[in-house]
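K.L.:
Quick one: the structure is below, and I'll ask about it shortly.
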Amino acid sequence: MNNNLKSRGIMLVMSSPSGGGKTTISQLLVNELQGEIIRSVSVTTREPRNEEVEGKDYFFVTEDEFHHLCNTNQMLEYAKVFGNYYGIPRRFVMDNINNGISILFSIDWQGAFKLIDIMSEHVVSVFILPPSMEELKRRLYNRSGESDMINQRLKEAAFEISHCYRYNYIIVNHNIEESVQQIKSIFIAEKLKTHRKMFLEQVVKSYYI
């Protein structure tokens with residue numbers, strides 16, 4: 001055994017209102033932390049779309065197989081969306097965490113709260129705020145340009161933001177690169193926490209006591 005204190009992975013849960021920047025931040029974060037963090041891969045009953053890869057984009061199963069996974073406690077959480085089931089496979093998450101690989105979840109507050117409730121030991125949650133509602137409105141307008149849709153998205157954003165208080169960390173996304181570095185700092189600090197260190201007692205006794 002060497003004195004490299006290897007850490008378990010974390011479940012990095014990120015939420016933001018539409019236009020808040022979590023999709024772009026997620027992509028950049030995974031690129032910067034290659035080999036340390038991967039995106040969550042869900043199980044689904046829907047048909048694969050063009051170029052989707054089994055095990056990378058989704059795990060594709062039949063409805064009977066999906067129900068079996070749920071009934072045997074192999075799903076962390078699941079939901080039915082537009083007639084298809086989606087769920088987070090327990091084994092995929094835990095195998096990676098126990099091998100020191102972290103999982104990134106880019107989800108809404110409801111999904112975040114479910115994971116916080118059932119996997120609090122492993123979850124690190126970050127809520128990403130826009131600089132202001134005016135700035136969010138500008139981003140949404142640049143994205144779609146439809147006033148009715150923007151007004152609805154702003155209402156949904158206000159509701160989403162009203163749930164930010166339960167998250168471990170809150171950042172304000174003034175600048176994408178700065179936000180990525182802030183979350184990267186959170187990631188590094190959380191991985192250094194004592195309770196995430198594997199074989200800590202053995203390493204300390206072998207090398208320091």
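Numbering starts at 1 and runs along the chain as it is shown here.
Note that Cβ sites are derived from N, Cα and C of the backbone, with glycine treated the same way.
Annotations per Swiss-Prot:
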- 9-188: domain 'Guanylate kinase-like' (DOMAIN)
- SER16, PRO17, SER18, GLY19, GLY20, GLY21, LYS22, THR23: ATP binding site (BINDING)
K.L.:
Which of PRO17, GLY19, GLY20, GLY21 (the binding-site residues) has the most other Cβ atoms within 10 Å?
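P.N.:
Counting Cβ neighbours within 10 Å, the top one is PRO17.
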K.L.:
Translate the DSSP assignment of THR23 (ATP binding site) into the three-state scheme.
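P.N.:
The residue in question, THR23 (ATP binding site), is helix (DSSP, three-state).
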K.L.:
What mean pLDDT does the predicted model reach across the domain 'Guanylate kinase-like' (9-188)?
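P.N.:
Averaging the confidence scores along the domain 'Guanylate kinase-like' (9-188) gives 94.
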K.L.:
Let me spell it out: for each of the binding-site residues (SER16, SER18, LYS22, THR23), count the other Cβ atoms within 10 Å of that residue's Cβ, using every protein chain shown. Which one has the most?
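P.N.:
By the 10 Å Cβ neighbour count, SER16 comes out on top.
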K.L.:
Inside 8 A of the center formed by the CB atoms of SER16, PRO17, SER18, GLY19, GLY20, GLY21, LYS22, THR23, which other residues of the chain have their CB, for the recorded ATP site?
P.N.:
ILE128, PRO130, ASN173
K.L.:
Using DSSP and three states only, what is SER16 (ATP binding site)?
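P.N.:
Assignment for SER16 (ATP binding site) reads coil.
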